Amino acid sequence: MEENFKRILREKVSELNLSLDPLQEEKFYLYYMALKEWNRKINLTSLEGEEEIILKHFVDSLSCIIPIRNENIERIIDIGTGAGFPGIPIKIYDEKYKLTLLESQKKKILFLEELIKILELSNVDIVWDRAENLGKDPRYREQFDLALARGVAKPNIVLEYALPFVKTGGIFLGQATPNNLSEWENAQKVVGILGGKTEEKIEINFDNITRIFLKIRKINNTPEKYPRRPGIPEKRPLLP
């Protein structure tokens, strides 16, 4: 089972023109086993098949590396990380990053804490809170070179969660599909309100999956009133 897992992982990762060393492959296997075990107790993922998890969680997360490879990035925040996607796969691939995992559900925090021990990852900060609260905290506000948020909310909502964390000159990496790209394009006014500017769109294809990344550069400080109080961005989204 383990060798088959690693073979599939190797094949799928190669479609991104990336490669993993044996230790990285082992860590992804340990990640997979922990995910399967904990998923019996708490709902971490609806995916169950080995290849499906490899492709739609691990490889999809690693695809985020392509748009940022030429950027000077040290600190990353993964907002609404859930079971650790995309932050932990990126950290496995390159341990130089200082990673903050933000999650509002305590049961998922417990999984993440155990996972970090299993994978023996350093410089990982796990925070139990909401983005609306942490985005006001001076220890976190505008402190990150890169913000990620995978499948958290619609673009005009997730932008309010994410851009307050990004320092001037840093990046929020929007993750779109052909089905929801128009929502991202219609949210460009919100990008500007929050201090960002969309620099480019990067399309990546792997295993019949198309992922479109929007590289949103932080060019101005986010106004102090954002993010608004918990629940408000979702109830009253900034109009696109």
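Cβ from N, Cα, C; glycine included.
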From ARG69, ARG139, ARG141, ARG150, the one annotated by TrEMBL with GLY80, PHE85, ALA131, GLU132 for S-adenosyl-L-methionine: ARG150
Secondary structure at ALA131 (S-adenosyl-L-methionine binding site), reduced by DSSP to three states: helix
Distance in Å spanning the most remote Cα pair of GLY80, PHE85, ALA131, GLU132, ARG150, given for S-adenosyl-L-methionine: 20
Count of other CB atoms lying within 10 Å of the CB belonging to ALA131 (S-adenosyl-L-methionine binding site): 27
